[in-house]
Amino acid sequence: MKSYIAVDIGASSGRLMLGQQKRGQLTLKEVHRFSNGFAMKDGHDRWDVDHLIHEIFKGLEKVKKMGIKDVELGIDTWAVDYVLVGENGHKLEDPISYRDKRTHNAIQQLTSDLPKEYIYEKTGIQFQDFNTLYQLYKENHDLLAKTDKIMMMPDYLGYVLTGNAVTEITNASTTQMLNLRVGLFDKDLLGKVNVSQDQFPRLVESGSVLGNVSHKWHTQYDIPEVEVVTVATHDTASAVVGTPGEGDRWAFLSSGTWSLLGTELNVPENGLQAFHENYTNEWGAYGTYRFLKNIMGLWVAQCVRHELGDQYSFGELADLAQQVRPFQQFIDINDERFTNPENMIKELQDYCRETKQTIPETPGELFQAIYSNLSLFYANELNKLDRILGYHIDTLNIVGGGSNVALMNQLTSTLANIKVVAGPSEATAVGNIMVQMITSDEVENIGAGRRLIETSFDLKRYLPETNKYGDILKEYQRFLTNKSKEMV
């Protein structure tokens with residue numbers, strides 16, 4: 001029986017998950033969990049990548065103690081962040097987080113003489129000020145001059161483990177520098193941010209074998225033999241691989257710190273309508289494109305829970321929210337003001353105060369406001385998706401931590417008038433492992449993999465509740481339209 005390890009690292013935590021196929025079902029077990037987060041250092045919010053590497057090896061030591069002598073391993077992380085590596089093969093500094101404020105106004109500055117339409121036609125990627133393109137635009141020029149290689153976060157971790165450097169395609173696409181037509185980094189855009197093609201390791205597809213963990217690590221840690229596979233290294237790309245894909249015309253919602261809502265396409269959709277709606281065409285595994293919208297997601301809920309002293313579990317907060325009447329206020333949950341405020345509760349309350357709406361005060365009111373407005377935002381985006389694609393999405397597959405929030409799943413189903421399939425909650429780790437299984441020939445292809453996922457995990461299904469909330473979605477859409485007009 002083969003053993004697979006998914007190293008799945010998010011903005012606030014990471015874990016090592018053990019995957020094995022037993023009696024025709026995929027089993028998943030958490031082996032090791034650790035904290036992650038950025039901290040202010042030398043004037044910027046930075047990641048401690050040395051901590052991440054140490055925790056990966058601590059997890060692998062636990063794997064060996066389980067009696068497992070050799071494993072496959074894949075690494076996925078969040079997107080857009082990178083590590084600058086010098087000619088000596090070591091990082092030049094701790095990498096800066098995408099939530100750092102250095103890229104404020106970077107889009108406006110870079111596009112002052114380079115039209116947005118031109119960039120979108122080339123890359124198909126939505127405009128977000130933390131994209132790698134704008135981070136590099138704001139990067140220290142002296143530091144870039146010393147840089148031998150620019151490595152995306154999961155590629156850097158794989159490089160440290162094996163000594164082999166590559167740039168995996170799904171994460172590379174999120175940089176907003178990968179040319180859709182030629183499948184290479186775009187020279188014009190690279191020139192705009194003073195970097196060269198040679199500074200990026202070679203591009204590889206998901207499922208490429210990277211190599212074995214270097215011998216030196218075996219002298220420092222008591223770990224099994226490990227072969228590293230370059231999986232779909234962007235965590236959302238792995239989550240989409242780990243989506244059951246139920247329905248004839250299905251969409252996915254990867255619901256975690258960020259919410260990524262979209263569908264899987266065989267050809268990119270980078271026309272003017274997609275551009276104006278700020279949809280993105282991120283590259284997926286096995287020749288696909290993830291046509292999606294990036295939404296603030298459960299970050300807002302995570303911040304509020306923390307500001308409440310972490311005294312409630314998310315389950316308890318969902319129960320409290322269930323007791324509160326929904327839609328007492330409309331909130332554009334994707335507003336940039338919620339990206340990294342000093343106090344999220346105050347920011348939500350100020351927003352409601354400024355828009356002359358009911359102010360949420362109690363934990364239940366705050367979480368009802370968050371969940372109901374996320375559901376409204378999802379339903380609104382599903383309507384847009386239908387219009388752009390020219391057909392109706394019939395099923396929404398919700399994966400990730402948000403798939404456990406029954407209140408939000410049911411609201412989304414009702415508001416969007418769509419069937420919702422929730423689960424697996426660990427879709428990112430599942431997708432990470434599935435790519436490894438396909439590479440090792442234990443699973444034939446992505447279709448067979450998704451059938452295995454559907455029969456291996458307990459999925460919950462939600463159907464719309466007829467006429468329950470009247471025209472609330474139209475009222476929300478009018479609110480967003482009026483808000484946009486006020487900002488012009």
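A Cβ is built for glycine as well, from the same backbone N, Cα and C atoms used for every other residue.
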Among THR257, THR355, THR358, Swiss-Prot assigns to the ATP site of ALA11, SER12, SER13, GLY14, ARG15, GLN302, GLY401 just THR257
Where Swiss-Prot shows ALA79, HIS234, ASP235, THR236 binding substrate, which of ASN140, ASN164, ASN294 is named for the same site? ASN294
Provide the number of Cβ atoms within 10 Å of the Cβ of ASN294 (substrate binding site), excluding the reference atom itself. 22
May I ask you to report the DSSP-based helix, strand or coil state of HIS234 (substrate binding site)? strand
Top of the binding-site residues SER13, THR236 by count of other CB atoms within 10 A is THR236
How long is the line from the C-alpha of ASN294 (substrate binding site) to the C-alpha of THR257 (ATP binding site), rounded to the nearest angstrom? 11
Which entry in the list of binding-site residues, SER12, THR257, has its Cβ near the fewest other Cβ atoms, using 10 Å as the limit? SER12
